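Right, one structure below, let's go through it.
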Amino acid sequence: MIKTKVLQAWMGIWLCAVNGLLGSDQDCSDRDPTGSRCSISVEKLLDRAIQHAELIYRISDEARTLFEEMFIPLLIPAHQVHGGNSCTSNLVRVPISKLEIQQISDKWLLHSISILVQVWIEPLADLQDSLDMYDNVPSSLISKTRWMSTKLMNLKQGVLVLMSKMLDEGSVELENNESMLRHIVAPAMAEHVLRDYAVLSCFKKDAHKMETFLKLLRCRQTDNPTCSLF
């Protein structure tokens, strides 16, 4: 019994302390008599997750633009440096029609967000290591990539809590150690530079998916029949 109470207390502390996403202890609106349970509404959690996703997308766009200005030579034809064309992953397909959007479940949305977050943790860490080998890399670019990695980890924890609250389940396990890196194709010319550019471009694209899916989930909490991805 004592061990169970201790475990419950630690779980309550963890839920209240996920940095930057779940907010401060003052946001805990409901507690059990022991003071160990911290309850934040799904709506508040989604609002904070959306804020994180919006910032991640914005900073990813800034980092990509800065990298392009600094390291992509003007002599390379535009069609060779368009990073979006190098994103070959079909891990998460965005529904197109209104009927598809209406048919997808909250579970599908949360699982998709969880997958997108997980597959990008390793590539962003590798990108930081790669940038350390560049000459005259702007400190602002290093800061932005580190910031994205940190916020992505925060978003991962927030999504886990949302899955626990909304679906009563834990994390989604990736099959066969799925990695986004093997889905990114870099041209032979200046391969490492264009590969890093492709990583930034593809991450920006998937960061927008995360933001869009979270906003759809938030809209559904209001029972709005017109919720859409577009």
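Here, residue 1 is simply the first one shown, and the rest follow in order.
Cβ coordinates are placed from backbone N, Cα and C, and glycine is handled just like the others.
If you look up Swiss-Prot, you'll see Cys28-Cys38 (among others) marked as disulfide bond, on the strength of similarity to another entry.
Look at Swiss-Prot and you will find Cys87-Cys202 (among others) tagged as disulfide bond, backed by similarity to another entry.
For Cys227 (disulfide bond), the same-chain residues 6+ apart in sequence whose C-beta sits under 8 angstroms from its C-beta are Ile101, Leu216, Cys219, Arg220. Under the heading disulfide bond, Swiss-Prot lists Cys219-Cys227 (among others), citing similarity to another entry as support.
Positions annotated as N-linked glycosylation site by Swiss-Prot: Asn177.
The signal peptide annotation in Swiss-Prot covers 1-23.
Each of the disulfide-bonded residues Cys87, Cys202 was scored by the number of other CB atoms within 10 A of its CB, and the lowest score belongs to Cys87. Look at Cys202 (disulfide bond): DSSP puts it in a helix.
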